[in-house]
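Q: Quick one: structure below, then a few questions.
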Amino acid sequence: MPPTPRHTLSCNCTTTQTSCSNPGDAGHAARRRFMGLALAAAASGGLGLNAAPALGATPKLLSPLPANTPDEALAKLMAGNARYLQLKHTTSPHDFEMLRTQTAEGQSPFAAILACSDSRVPVELLFDQSIGKLFVVRVAGNVASSAVIGSLEYAAEVLKVKTLMVLGHSRCGAVKAAIDNRNAPGQITTLYSYMHGAIAKIPSKEYRAVVMQNAIEQARVLGAASPVIAQRVKTGALRVQPAIYDVETGEVALLGLA
């Protein structure tokens, strides 16, 4: 894999980005032949398509970025975010009918994402990934509750994802409510306890700092509370990576666990 450029943000996060080109085809007349090629491509690391050319064009075997290791899977995510920032999506023009057919009998995602439920965080879109590529768990505040951990254990142990990203985001209302300890109806306040650890580590309770710390804390919880995830991390089969998404710029920045 070619080296990836890195730059440091003012918050001491790093963003890793690469660019990739995934030539592809969705010609209706050649769909049956393409399906066989697509399955072979999926078995070797995934399928990526670009804008569909004219009907009847000859289908091509695709060459997406590999995702055979945790680092490769993370690089693939960040390359997708780079395309999203550059408005160079490869997923929007996909032949979704064909993709549904390919994935109907099973899934083989290369990464799992624990994200907030906020409607401004379109996970597949911001990583430029399509059907069958990401195993996504969403909950307000991107907190690692028991149910969430169980879902991610399935992704790690059964689906064998290579990277598990905990994705916080700017302007997170759940984090803000937890900082303010705001009264709320029903069971909304039960989410607050999962964020208390992050709040306690930021004495100033500065909003953005707590948002970033919360992503880091939830990533730590996954490793500490789940022997399944911890074992896969220990053997080098899985990487747990906290990150933050900026809802204004669309950029994903990686955060350190240290």
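Placed from the backbone N, Cα and C atoms, the Cβ positions cover glycine too.
Annotation source TrEMBL lists region 'Disordered' at 1-26. According to TrEMBL, the compositional bias 'Low complexity' annotation covers 8-21. Here TrEMBL flags Cys116, Asp118, His169, Cys172 as Zn(2+) binding site.
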Q: Tally every other Cβ atom lying within 10 Å of the Cβ atom of Cys172 (Zn(2+) binding site).
A: 27
Q: Specify the secondary structure state of His169 (Zn(2+) binding site) as given by DSSP, simplified to three classes.
A: strand
Q: Provide the number of Cβ atoms within 10 Å of the Cβ of Asp118 (Zn(2+) binding site), excluding the reference atom itself.
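A: Asp118 (Zn(2+) binding site): 19 neighbouring Cβ atoms within 10 Å.
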Q: Report the member of Cys116, His169 (the binding-site residues) whose C-beta atom has the most other C-beta atoms within 10 angstroms.
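A: The largest 10 Å Cβ neighbour count belongs to Cys116.
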Q: Would you identify the secondary structure of Asp118 (Zn(2+) binding site) according to DSSP, in three states?
A: coil
Q: Within the same chain, and leaving aside Cys116, Asp118, His169, Cys172, name every residue whose CB is within 8 angstroms of the centroid of the CB atoms belonging to the recorded Zn(2+) site, in sequence order.
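A: So the additional residues around the site are Ala115, Ser117, Arg120, Val121, Ala140, Gly141, Asn142, Gly168, Ser170, Arg171, Gly173, Ala174, Val175, Val211, Tyr245, Val247.
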